[in-house]
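Taken from Swiss-Prot, the feature topological domain 'Extracellular' covers 1-25, 76-100, 162-198, 260-272, and the record attributes it to sequence analysis. What Swiss-Prot records for N5 is N-linked glycosylation site, and it gives sequence analysis as the kind of evidence. According to Swiss-Prot, the transmembrane segment annotation covers 26-46, 55-75, 101-121, 141-161, 199-218, 239-259, 273-293. Under the heading topological domain 'Cytoplasmic', Swiss-Prot lists 47-54, 122-140, 219-238, 294-309. For C98-C190, the entry in Swiss-Prot reads disulfide bond.
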Amino acid sequence: MEGINKTAKMQFFFRPFSPDPEVQMLIFVVFLMMYLTSLGGNATIAVIVQINHSLHTPMYFFLANLAVLEIFYTSSITPLALANLLSMGKTPVSITGCGTQMFFFVFLGGADCVLLVVMAYDQFIAICHPLRYRLIMSWSLCVELLVGSLVLGFLLSLPLTILIFHLPFCHNDEIYHFYCDMPAVMRLACADTRVHKTALYIISFIVLSIPLSLISISYVFIVVAILRIRSAEGRQQAYSTCSSHILVVLLQYGCTSFIYLSPSSSYSPEMGRVVSVAYTFITPILNPLIYSLRNKELKDALRKALRKF
């Protein structure tokens, strides 16, 4: 009982990137700029899709919701990370606050990954079954797929968060990270975590491999269908749309796999923190850039909106 009470009252601190205040301030400015850029880019996509009736199609519906997910995803960790940078690692987070941050980060990140599968399915139907596209991709199905992505993210996040915070935490209160990531928090537990690490690895493998396999299968059929398109313009348009999605998938799944599927023996906290910067800050910036720069309809809608202002 005493151990449980100690754990409940614990506070965690995040290890600074550098002991030099000037370096910390520089990283703070970089993180803040990346965060604001991510917010601006993703909010722009969501608003452009909403106000432009020509973009009210399933593909852009999913793209807009992906942008909204990215906003909440980065916002679940950035404010605390920025406060920690300013305080040189002296900003505490309670165990409840850490668990809450982990839950929302995994929930939104999981929903993000599932939504990428949904977007691949949408493109598969659009390219391989164009005549039946409107019949298959009804608005009711689109909403169901979106809600399903959120539900799966929730069902992934809740048991993982409970699994990790069921562990006892003792004297070591410094998290070698800039947010409450699962492997980093688990390293602070004063108990045997082999079962927990194995469970996390198995769940991560299933959660990452199944969606990635479904996306890969979809794109095998899509590539075959694109090669059959006689029009060079049609092939180029299909290729441009699909290549944008593939780039986003590679960024998201590549970074996540490195963090959660690396063997414990070869896991480097420092490298894990660097890679985490890529998929928590850089990927949400690149997503709107990749989609907007490679999508003619979205670029045209953005130009029209800018001309109005």
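Cβ from N, Cα, C; glycine included.
Remember, predicted model here, so these are calculated numbers, not experimental data.
Regional average pLDDT for the topological domain 'Extracellular' (76-100) in the model is 92.
In this chain, the transmembrane segment (26-46) lies out of contact with the transmembrane segment (141-161); the count of Cβ pairs under 8 Å, excluding pairs fewer than 6 apart in sequence, is fewer than 3.
Relative to the transmembrane segment (199-218), the listed stretch 101-121 leads the set 26-46, 55-75, 101-121, 239-259 in CB pairs under 8 A. Remote same-chain partners of the transmembrane segment (101-121), defined as residues 6 or more beyond its termini with a Cβ less than 8 Å from a stretch Cβ, comprise 59, 62-63, 65-66, 69-70, 72-73, 76-77, 80, 93, 145-146, 148-150, 152-154, 156-158, 160-161, 164-165, 179-182, 185, 207-208, 211, 214-215, 218-219, 245, 248-249, 252-253, 256.
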